[in-house]
Each structure stands twice: as C-alpha cells, then as structure tokens.
Amino acid sequence: MLQTHIPVMLSEVLKVLDPKGGEFYLDCTFGAGGYSKAILESCDCYVVALDRDPNVIKKAEEIKQNYVERFDFIATNFADSFAKLKEKQFDGIVLDLGVSSMQLDVADRGFSFLHDGPLDMRMSGQGFSAEEFVNTLEEKEIADIIYKYGNESFSRRIAKSIVEYRKTARIDSTGKLAEIVRSSIGFRKGKIDPATKTFQAIRIYINDELGELERFLMNVKNILKKDGRLVVVSFHSLEDMIIKNFFKENSEKPVARSKYAKDDIIIDPNKWLRIITNKALAPSDKEIRLNIRARSAKLRTAKKIL
C-alpha cells in the first residue's frame, strides 16, 4: 500500500515553475504523484511523468483517471527517457531527487533503518541489491563508497564492522545493518541516527543516482523549450554540486543594455541557461517541522534562453 507522500517545497516549486494553461510539463520523478497532481490542478496544462519504480504505477493510473487527456506516465528512469519521449519538448521540467516516503515507509523496500525489512534499496527492483553490496564487496571498497556518497567520517570503522559481522552471519535485513553501524560508531540520543549516512550512501551507489542525474543533464537541453524552466530539488551535497556546476557552466549573465530592449544578448551560444535562483532556496522552518525529511532540501532553477 502506498503511503501518504508530502511533496517537498511544493509551493516554491509551483512558484518558480509558473505553470500556464496549454503548456507541457515533465515530472521526472513521479513518486506518489504530488508534483504532477499539483501542476495539473494549477491550470489547464499537460503533464508527462516518469519513474523507474514499478510500485508507483497504480498511483499514476489513479491520476490518469482524473486527467485522461492531460496526463501520461512512462515507466522509465529519467536518464533513459529521451527515446521514449519521442522528441517531445516541455515548458517546464521538475526533478525531485530524494527517495520518496512511499519507499522509506514500506519495510519490504529495504530503504529505511527505522523499519526492519529485507536489505534491498533498489528503486527499480532490478540489479545489484544492498544485501549483495554489504556481503560481497571488499572492506576498502565499502569504506570508500560510504565516505564518498555519505560523507561519513567513520566509514572505515563501519566497513570493518560490516566485514567482521558477515564472517559469522549474512547481513540480510535493514535492522541488522543499522545495528552494525550504530554499534560501530555509537548512538547518541537526540542526534541524527548514526545509520543515516551509511544507508544514504549505499542507496545512492546501488541506484547510480548521481550518474543518472549527470546523464540526464547532458541531454536536457533538447527537451526544454525556449523560455522553459528546469527546477531541481536535491537532498545531498553531491547532487546539489552537480546541479550548481551544471547551471554555472551553461549560463552567462546578460550584457548591460537598454531597459527597453526585449531580447537577451548572448555572448557565447553555448551558454543557453539563465539562472533564476542565484542562491539555492531552502524549505521554511514550518515545512521542516511538518516534514522532517525536507530539512536538507535545496531548490535551484534555471531558464532556457536559446
């Protein structure tokens, strides 16, 4: 059963996306459909949604029933979506790079250290699982991945504990892994759970989340219309750095000119973006109180000007 999902920074996303009737929007990470539904409700526009998680198809079908002519869903990850989109172009594109509540809250999905279940973490249900990760990789590789993708300073201690544990028993549940991590670095009441960074790192690695983001950005220009907006909500410093650098590398400030001029002057034809949010937006204190998972969110937006 799908759990209630609260779209992070929804009001901010709608404000910068600025949906208009008759326009087309791409929701790259459908999840429980929060962004797609809100965009459809905002005006008489059209939405195409993508997701590689087969568990969201039922929710997509529900939205399709209410918006038969204005909503379509494609079961794919966004990095591999270009061929399936068949040269469609969009007035706005939204990416929410976080793991959804419907994944975290279902124990059998194996994403959460708060709910004991099979150690899986695969968004698509296919490929290399988290259980295989902790039971087969060398200690150094485990440590390097936890450090790189989780920014975990105790990565080597955690990796050593994982390897020591698996000598006597297979690590096959989220509960086992969480306890191994907690016991290796200690648990202090009131602090963020010690297992947080390790679970995050393994999830990012298992699903190639950063690679998928980079592959998508390489081609996003082709599916974004002129004046279209790219809106990205990230939850990890590495994700945000990729987005920040991509915007910076592909954007250029306009030359100072008359306020009566209508068009932007482009010095370099390869600079096709205009950054809308010079500084990443963060969720309000109120939203964080209502949804603690929003605490690390950052929103960046840019507009296509070529």
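If you go along the chain as it appears here, the first residue is 1 and each next one adds 1.
Heads up, the Cβ atoms here are built off N, Cα and C, so glycines get one too.
Annotated S-adenosyl-L-methionine binding site per Swiss-Prot: GLY33, GLY34, TYR35, ASP51, PHE82, ASP96, GLN103, in sequence order.
Structure coloured by features recorded in Swiss-Prot.
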residue	record	CB count, 10 Å
GLY33	S-adenosyl-L-methionine binding site	25
GLY34	S-adenosyl-L-methionine binding site	21
TYR35	S-adenosyl-L-methionine binding site	28
ASP51	S-adenosyl-L-methionine binding site	27
PHE82	S-adenosyl-L-methionine binding site	18
ASP96	S-adenosyl-L-methionine binding site	25
